[in-house]
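Student: The structure under discussion is supplied below as structure tokens; questions concerning it will follow.
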Amino acid sequence: MYHKSVTYLLQLTKDEINEFLNSFDTVLTDCDGVLWLNNNVIDKANLVMNRFRELGKKVFFITNNSSKSREEYAIKCKELNFKCDKEEIISSAYLAADYLKNCGFNKKVYIVGSTGITQELDNVGIKHTDVGPDVHCTTVPKLIEGIKLDQEIGAVIVGFDEHISFPKILKASSYLNNPDCLFVATNTDEQFPLNSEFIIPGTGTMVAAVQTCAGRKPHVVGKPNTYICEALVKEHNINPKRTLMIGDRCNTDILLGTRCGFQTLLVLTGVTTLNDVMEWKQSDSQDEQDLLPDVYLDKLGDLLPFLK
Ligand SMILES: [Mg+2]
């Protein structure tokens with residue numbers, strides 16, 4: 001069994017680090033846990049990303065977080081001093097809308113999610129249900145009595161929904177009981193990266209609830225599905241070998257990079273720990289070898305001194 005080598009970037013010589021920095025001309029970066037946590041920039045990540053751009057590298061922000069539209073991410077980037085255009089942001093909410101558009105979808109979408117998804121559907125002219133609380137405050141028979149399924153629904157999208165509830169799971173699964181109803185999930189991340197004693201449920205939690213009840217698997221548009229990158233490679237003519245994928249979560253970011261033939265950089269400011277990496281490294285399972293990054297750093301800002 002071939003065991004992949006994983007290099008701590010700062011153990012290399014200055015020349016080797018420069019060689020690494022010259023080995024890519026496109027940078028794809030995850031956002032939560034790499035660039036920021038909530039509304040706080042992770043130490044100098046913005047300076048590194050802006051510097052990449054000044055050096056003439058193409059930069060794309062790829063996030064599985066479906067809570068915001070691309071417009072909203074562009075505003076957040078500006079506020080946190082990351083230079084970027086809306087077109088350089090690829091969010092899972094955008095991909096979900098883009099996927100339905102490419103399917104020629106012309107019915108209405110039932111959403112378990114938030115305004116990130118509704119705004120992206122509005123942008124492509126696809127009808128959808130409202131988002132927000134849908135609370136169960138009666139008995140199940142009474143709840144069912146009060147629900148009228150909308151015959152126009154032809155797809156269910158599940159994304160991050162902090163108002164997920166019994167009625168929403170019931171409605172989504174009832175629509176999905178029709179085999180012609182499309183089932184799209186933005187992503188399946190288990191948790192949000194957050195420096196805290198609390199564990200914040202991620203979209204994967206919500207998708208699992210609907211998937212279990214409906215007895216069907218969704219089409220997942222976010223990382224590690226290569227759907228994102230096939231489009232990027234085609235539209236922007238990028239060379240996978242000269243592309244760097246940066247992430248904090250190996251089972252989405254790094255796995256996507258491995259599948260697409262990109263170089264991969266793990267930063268330890270989010271979900272995956274060095275212990276995880278060392279365990280996978282010992283493993284004889286190809287699935288776990290595929291999670292391993294080429295190089296890793298404690299944080300993205302550590303690159304700044306080498307980008308002067
Ligand atoms: Mg992340």
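A Cβ is built for glycine as well, from the same backbone N, Cα and C atoms used for every other residue.
Bear in mind that TrEMBL entries carry predicted annotations, made automatically and left uncurated.
Per TrEMBL, Mg(2+) binding site is recorded for Asp30, Asp32, Asp248. Taken from TrEMBL, the feature active site, nucleophile applies to Asp30. Annotation comment: TrEMBL describes Asp32 as active site, proton donor. For Lys223, the entry in TrEMBL reads substrate binding site.
Let's see these features in context: how buried, what's close, how far.
Tutor: Around the Cβ of Asp248 (Mg(2+) binding site), 26 further Cβ atoms fall within 10 Å across all displayed protein chains.
Note on Asp30 (Mg(2+) binding site): other Cβ atoms within 10 Å of its Cβ, all shown chains, come to 26.
Sequence-distant neighbours of Asp32 (Mg(2+) binding site) (same chain, 6+ residues apart, CB-CB distance under 8 A): Thr63, Asn65, Phe192, Pro193, Asp248, Gly270.
Listed in sequence order, Asp30, Ile62, Asn64, Asn187, Gly247, Thr252, Asp253, Leu255, Leu256 are the same-chain residues at least 6 apart in sequence whose CB falls under 8 Å from the CB of Lys223 (substrate binding site).
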Student: Near the Mg(2+) site, what residues other than Asp30, Asp32, Asp248 in the same chain have a C-beta no further than 8 Å from the centroid of the listed C-beta atoms?
Tutor: Cys31, Gly33, Val34, Leu35, Thr63, Pro193, Gly247, Arg249, Asp253, Gly270, Val271
Student: So, three-state DSSP: helix, strand or coil for Asp32 (Mg(2+) binding site)?
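Tutor: Strand, per DSSP.
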